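Undergrad: The structure's right below; bear with me while I get my questions together.
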Amino acid sequence: MSSSLLSRLCAASPSRGAGSVRWLHRVYCSAAYQPCVQKKLLFTRRRSDPLRLSGLCKQLCPVGMMHTTSHTVDPLEMKKFQAWSSKWWDEEGVYSPLHAMNEIRVPFIRDILMSKDYSHDVGCPLAGVTLLDVGCGGGILSEPLGRLGATVTGIDPLEDNIKTAELHKSYDPTLEHMIQYRSCSLEDIVDENKQYFDAVVASEVIEHVVDKELFIQNCFHLLKPGGSLIITTINKTKLSYALGIVVAEKIMGLVPEGTHDWEKFISPEELERILESNGYVVETLRGMLYNPLSGSWSWIEDTSINYAIHAVKTVAQKQSTDIGFEREWEKPKAAQAFA
Ligand SMILES: C[S@@+](CC[C@H](N)C(=O)[O-])C[C@H]1O[C@@H](n2cnc3c(N)ncnc32)[C@H](O)[C@@H]1O
């Protein structure tokens, strides 16, 4: 990295202190960092601005959530995340497992999207891909995806998460045109952005939402036909209770107590059932394992604790009329559950 660039970035983040050096090192030495961001690629918004939030009420509810017509956002979950909204970029703090997860989830997402029919620039593998990072939090995953060249829209219902994400993005000027953040829920953008995104990523989010089926349906509407939905989450097993809640929260304190509610976890079988009954084809299911001693994640066959799933929106949406029933996405707009 040139010394002038380093000094400019340091000047842009004067309050980071010792953390600056570590952060800068991570940005520029990260495997995810690609030459494309040096070229300061400007993206032109295709078709429509994904964040035209028609009629979005700007009032704030007591926990700093945008007050929306959302049916998937649980105010109790928002209260939990509010307490940690400034902690996203503390790599040794409550979100350290998510930072470590980037080592496997970023290449996973990149490889899925590169296997699709997009035109890839050399050194900029996700150029031209429109990607929605739903439940983006402080932008831990949005940033490396933007550095890979994707045009990222990060949304989160919690305003303070988005403020943290915006602030951190501002430390790296190359991300200015690659990522845009907005505090809102899926319900707020779905009507205005039907079939806009090539990919929707919901990493460690669905275990916090209220109505999982509606969440999946909203993702469906936002995806282009043939687009990819990529989810990482936690299985609902005795083992995930023992390790994810008893060990991780109560014994080792890896994440604060109360972070997860086991009742809201979902098995891959149930998630596959919801996906397939809502017009997706499941292409990949993989188990993930966190080693708290090394602080690292690895892929495993077993899906009984954490897992990742990749589903593709079916292209042929008209088939259902031939077999005599109407699927949710084919109903008239007024009849849709979130209308
Ligand atoms: C565990 S964090 C994951 C953050 C980010 N995806 C990552 O992996 O770095 C869960 C995030 O989901 C957000 N969230 C919770 N319920 C949501 C909902 N119904 N719709 C969208 N985001 C939601 C929370 O505000 C929080 O930022």
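Each residue, glycine too, has its Cβ placed from N, Cα and C.
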Undergrad: Check TrEMBL: it lists Arg105, Gly135, Asp156 as binding S-adenosyl-L-methionine. Then name which of Ser85, Ser86, Ser170, Ser203 it lists for that same site.
TA: Ser203
Undergrad: From the centroid of the CB atoms of Glu204, Glu207, His208, the recorded Mg(2+) site, which same-chain residues not already listed sit within 8 A by their CB, in sequence order?
TA: Gly135, Val205, Ile206, Val209, Thr233, Ile234, His260, Lys264
Undergrad: Between Glu207 (Mg(2+) binding site) and Gly135 (S-adenosyl-L-methionine binding site), how many Å separate their Cα atoms?
TA: 11
Undergrad: Based on the record's binding annotation for S-adenosyl-L-methionine (Arg105, Gly135, Asp156, Ser203), what whole-number value in Å is the widest Cα to Cα distance?
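TA: The span, Cα to Cα at its widest, is 19 Å.
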Undergrad: Where the criterion is a Cβ under 6 Å from an atom of ligand 1, which of the binding-site residues Arg105, Asp156, Glu207 meet it?
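TA: Going through Arg105, Asp156, Glu207 in sequence order, those close to ligand 1 turn out to be Asp156.
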